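Structure record follows, encoded as structure tokens.
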Amino acid sequence: MSYKYSDKKILILGMGLTGISCINFFLKRGVVPKIIDESNKPYYLNKIPKNIQYKLGSLEKTWILESDLIIISPGISSFKPILIEARMLGIEIISDIELFSRETTVPIISITGTNGKSTVATIVKNIAKKSGYKVYLGGNIGFPALDMLEKKADLYILELSSFQLENIFSLKSKLSVVLNINEDHLDRYPDGFQQYKKIKLSIYKNSEICLINLREKKYCFKNKHKKYITFGTNDSDYYVSSIKDKIFLYYKQKKIFDMSKTSIHEHQNYENALVSLAISDAMNFPRDKVKYVFSNFKSLPHRFQIVHKHNDISWINDSKSTNINSTKIALSNINTKGTIWLLLGGDKKSANFQILKNDLEKLKVKIYCFGKDGMNIAKIFQKKSIYIENLKDAMILISKEVMSGDIVLLSPGCSSKDQFKNFEERGNLFITLSKELS
């Protein structure tokens, strides 16, 4: 289906990288859009071409309601009253991923999930590249999706957040996977976790191959025209199992990989490797290329990295932990007789940190809570916690008490955007201070 935009009044919401890519998309097609950003000083304001009209500070009602087509950036909630009103008036609201999907016939692998998206997407990209594909990775990582249209590709890989999935309607993937679904972004969704879950599962709607985690309940297997592949439990097509302290990846009850012979060792990455194997098999990537990538695997930055070790004290940067479940996983990876000095905090996005209480009661742990919701989190773990306003001050206090054999773990379980630009900035501060303070 061919889409024409020349006769439409087009409005872009959000002036980040996604918004800039949307501007470029329309300008190349001879269409001049308008753009709004809710910030008074958006970071990429200097990238806006001079012929583009823009407004800053709030969502301009007049511009919104006079539009024919609105492209919404993932950072802006689809559930704002003015956008609900626009939909009721018949104004089309879509994402940049929807624009992208309308323009390409190249096969697409779509990956979502609460945790592990970037790791799986990166592993699969590396396997595809090693297998001879011209492959590009975009969406929530790598390139803005629309920028990939300028690349000559055999395969696209999209990492998609729930925010991006909210406004996608015609994406037709060769293969889609939901890695896992845990509570996250509850402040975004008026109807809570079930709404978040429904949006995640929508990735399967137009997918040819659906890779399903059998540990997640209430998946629907209703479409006889789709191919279903399962993972996650011992009765799945693909699963992880251990024999005498060795971890193996299985397919149909047959051992495929001994993970001790690869560079993948963290608990959470075994399943990331499993899903990458399942995707690779479905796409007919050679197993020897999978083995090569597994053998040369390096964790992505800010994901449970030991960034400094001095006087037998380990400093672990897990700044990518932006929800409770990722913190639970980080704690499960730690084996020490010393004290765990856990740094929690930021914007908890309406999450219930009571869920973490049982895990922490079993551990020798001292909790330093910081950021916007740090005080509320500290109240939950009263006997083991202390509230400090910011990460730097918390680390200074920890550095004065930490002893040989201890572990300092930044696994905040919260968004970073209350005090930092992103989780990378938060992680980089932790890395710098860990070296300065020890």
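Keep in mind that glycine also has a Cβ here, set from the backbone N, Cα and C atoms.
Here's what TrEMBL has on this protein:
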type     : residues                                 : note
BINDING  : G113, T114, N115, G116, K117, S118, T119 : ATP binding site
DOMAIN   : 111-279                                  : domain 'Mur ligase central'
DOMAIN   : 302-412                                  : domain 'Mur ligase C-terminal'
TRANSMEM : 10-27                                    : transmembrane segment
Cβ packing number for T114 (ATP binding site), 10 Å threshold = 23
Secondary structure at K117 (ATP binding site), reduced by DSSP to three states = helix
Given the recorded ATP site (G113, T114, N115, G116, K117, S118, T119), which additional residues of the same chain have their Cβ within 8 Å of the Cβ centre, ordered by sequence?
-> I111, V120, L179, N180, N272
Under the DSSP assignment, what numbers of helix, strand and coil residues are found in the domain 'Mur ligase C-terminal' (302-412)?
-> 36 helix, 31 strand, 44 coil
Least crowded of the binding-site residues G113, G116, counting other Cβ atoms within 10 Å of each Cβ, is G116
Out of N115, S118, T119, which has the highest number of nearby Cβ atoms, where nearby means within 10 Å of its Cβ, if these are the binding-site residues?
-> T119
Contact set of the transmembrane segment (10-27) with the rest of its chain, CB cutoff 8 A exclusive, min separation 6+ beyond the ends, reads 33-37, 39, 42-45, 47-49, 52, 54, 59, 63-64, 67-76, 96, 99, 144-147, 149
Neighbouring C-beta atoms (10 Å sphere around the C-beta of K117 (ATP binding site)) | 23
